[in-house]
Amino acid sequence: MATQTTTMPRTPRPFNASKPPTGALPAIPNTLNSKPSLQALRRTSLLHTTSPSKSASHSFSNRPQSGIEGTPSLDRSGTPKRAVSIAEAFPRPPRNGDRVTSLPPPSPGHRAMPSSPLASPTRTANRDSLMHGPKSMASSTNLASRYSRDRDSGVGFLSGASTTSGSNEYTTSPPRSRSSSPLGSYSTNPTTVDMSPTASAEDLSRGRSADRDGEKEMKGNVIVSVRVRPDGPEDQMSPEWSIDGRRGFLSYSGKDGGNYEYDNVFTPSDNNAQVYEASAKRLVRRVMEGYHGTVFAYGMTGTGKTFSMQGTTSSPGVIPLAITDIFSFIRETPHREFLLRVSYLEIYNERIHDLLASQPGSTGFVPLDQQTKGEEIKLREDPKRGVYATPLKEEIVQSPTQLLRVIARGDLCRRVGSTQFNARSSRSHAVVQIVVESRERVAGNGNMADNRRAGINGGVRVSTLSLIDLAGSERAAEDKERRAEGAHINRSLLTLGTVIARLAKDADKDKDKGDGSHLPYRDSKLTRLLQPALSGNSLISILCTLSIPLAGVSVNLTNIGETINTLKFAARARNNIVSRAKKGEDFIAGIDAGSKALLERYRTEINDLRRELDLQKKREEQHLREKEEREWIQEREADIERHGEQLLEMQLARTALKERIEHLNRLILCSKSSGVNSAGINSARSSMIGPAPGHMSSMSIRSSIPSNQVVRFSTASSNPSSGDDHDEDSTGGDFNDGNATLSAQVRALQADLTDRNRYIATLEKRLLQARRSSQSRTSFGLGGRFTGEVVAEGRMEVLLKEKDDEIAELRARLDDKERMVSALRSAARKRDVAELCGKRFSGESELRSPVTVDSPKTEAPLPANADGRDGLVDCF
Ligand SMILES: Nc1ncnc2c1ncn2[C@@H]1O[C@H](COP(=O)(O)OP(=O)(O)OP(=O)(O)O)[C@@H](O)[C@H]1O
């Protein structure tokens, strides 16, 4: 026996690769002791066939009275069966078709099955073909919908199209469920109809309808199926075994044998697709509608649990088919939005490991003790969430491929070991958990406000689908490690059996309480994890796998015992588990879903992010506006600076002008002073001095004459002794060269005046331009927007006004100058005249007496002004 372990990906195990175990197996508590005879079974079968309508009429009234083990009537005859079901919420799948696998075996061509599981006819189809004659085979989807229609019409099973396979003939089973009996001998099964406020209208109407006529078949929330692994051709099976797949019966006539009835009995010829269709498909769809659902495979090692749950590439099992259906449902339900998250854990040697957080061995073949495993997971209990494992990695998945990939990754980390019965035996219980969150889709952001606007009050609905592949029960192995693992596996399975066996008593005892608090759920991690499902909060489908020996093959009694234990386990589960599963309420965000519904949290987060995005956008716009404003301000500041520079320039020009004017004034005064001592001038002055124009000019000029110059003039003029032409030359400065110099000064002054006029005109023009551009910028729509600009504009106005004033002043001065120039001219003319006269006069006097020449000098010395300046100034 190989004892090596591996983390290699699982590959399909070869058909009949292992033999059934022969070792001792843990005993399952047996609360059902009777062993119905094969005759009783046959009688039942016969009645099933001949009077199908009875099933409906006895749906709720009687418990089965047959001696079939697994029906509560065996030990609690007459006691109402406690199986609870939602009205149509989790309907039983159609019964098996013509799958009676009892001796004598069917004809060889009877079980010809199509190779593709999805395209293959289902058992229900087979049944249909038998009842209604051969018809073409429809797709599995069509079959499902037809099944649904028939169920609603009360027929309970497929009708209509079907197919024959070769020359096979099939019969359709009558509508029935575990709560119904064609014999009319089943005890009453008090069925709980989910009339909770969250039940859909469809559910309610179905419930009412079922209550009303009592003829409609009520569907159980707990489906128990048995699958027989093919150990060889079915017709070579041991004659002690009889399988009626169509009716869900299985009997063993050997030692400790009995007759058993289940919701489904799958023969070796049934493939994975058929198993899924009948045992899990409707559960999966109900999970999508808001119910919690649990599917688990139980059975002896090597009997096909993993094969049924995972399947192979060519024959996908329950898990991949469920995943396909989940996404089909999402596609078919456009008015809701979904969020799926998946976790994958294993219970190995009573320790929980997160398979999604673990790393598989890189070499692919790593001894168990060397396999890297993630952090140990603890189980916690919460009133809302029930029992859950934490911390557990959950991955959000968006497509079937992604989900399958995640699970495949977890599979790589699952502990697998070689045992006597299975080369790749699962050494742990593996739990895939898919959490489905859904909510009504609304236009807008999908927040609660949008919901209210759309008239939708509901929040997020959360449901969980648990798909569990249990480790197989096995006898004590020779290998120490395998033995230790086996002990843990067997102990947990034993606890599971014990809990299930005591569920019936528990329900009787704790009708009021019903919390199962005294049940040994805590004795193993497996039962603790399954507690919510076993205690009634979940729809359950249990698939028990077993292997039936071939005829003539020596049978190990231990194997037989283990097979019988599996059958008993299944029977008890079917009778004792009571499911009160209700559709999950829609959690309103912030109340219940706060910690649970990721969808709501994501929606809230999306809304928050959207708000943040809007805010960001606004901030960006604001930033852009501010930037533009800054740029505008900078432009204005540059303008102001430019204006400032221009102003400065103008100020400089003005200063230059002032200086020049002063200079010119000085020059003019000097030229006047040059005539101070001249008699001609003095005499002319008396005629020049008029009260009117000269006075204004003199006042104006005097005001701008520096006092030192005046003093100089005064000194010169107050010295009569030296006041002759010669003296005048010495004190007259640059212009003391007589008449010619005076005319030159006048010309220079005129040129200067022209220059200044031109310069002032330029200044005026520039000022005008500056004012205009400033005004146009201000009126460009931005004027007055900012205080700084207003201030700047105000300052500009003031400056411009100052400039205007200055120009006016300059103009006035210019006028003065012009007047002064014209006065000078006329003075020059008079002087010329005076000189001429003087020359003539002096020529005559020279002839007579030279003394008279000095007379003008003494004649009228210029009176000094009050400030001591030369009085000559006043002649201007
Ligand atoms: N219905 C079936 N049809 C074809 N092959 C099957 C079927 N059931 C099981 N097998 C084969 O039997 C072998 C053992 O099956 P599987 O590993 O699924 O058993 P198991 O119950 O999971 O065992 P363990 O508890 O040791 O993990 C595999 O090779 C598998 O391919």
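Cβ coordinates come from backbone N, Cα and C, glycine included.
Quantities reported herein were computed from a predicted structural model and do not represent experimental measurements.
Looking at 268-295, 296-323, 408-435, 800-827, the range tied to coiled coil in TrEMBL is 800-827.
Residue environment of Gly304 (ATP binding site) contains 26 other Cβ atoms, counted within 10 Å of its Cβ in all protein chains. In sequence order, Ala297, Tyr298, Gly299, Ser426, Asp469, Leu470, Gly472, Leu543, Thr545 constitute the residues six or more apart from Lys305 (ATP binding site) in its chain with CB-CB distances below 8 Å. Using a 10 Å Cβ-Cβ cutoff, Thr306 (ATP binding site) registers 28 neighbours. For the recorded site, Thr303 (ATP binding site), the DSSP three-state label reads coil. The Cβ of Met300 (ATP binding site) has 30 other Cβ atoms within 10 Å, all protein chains considered.
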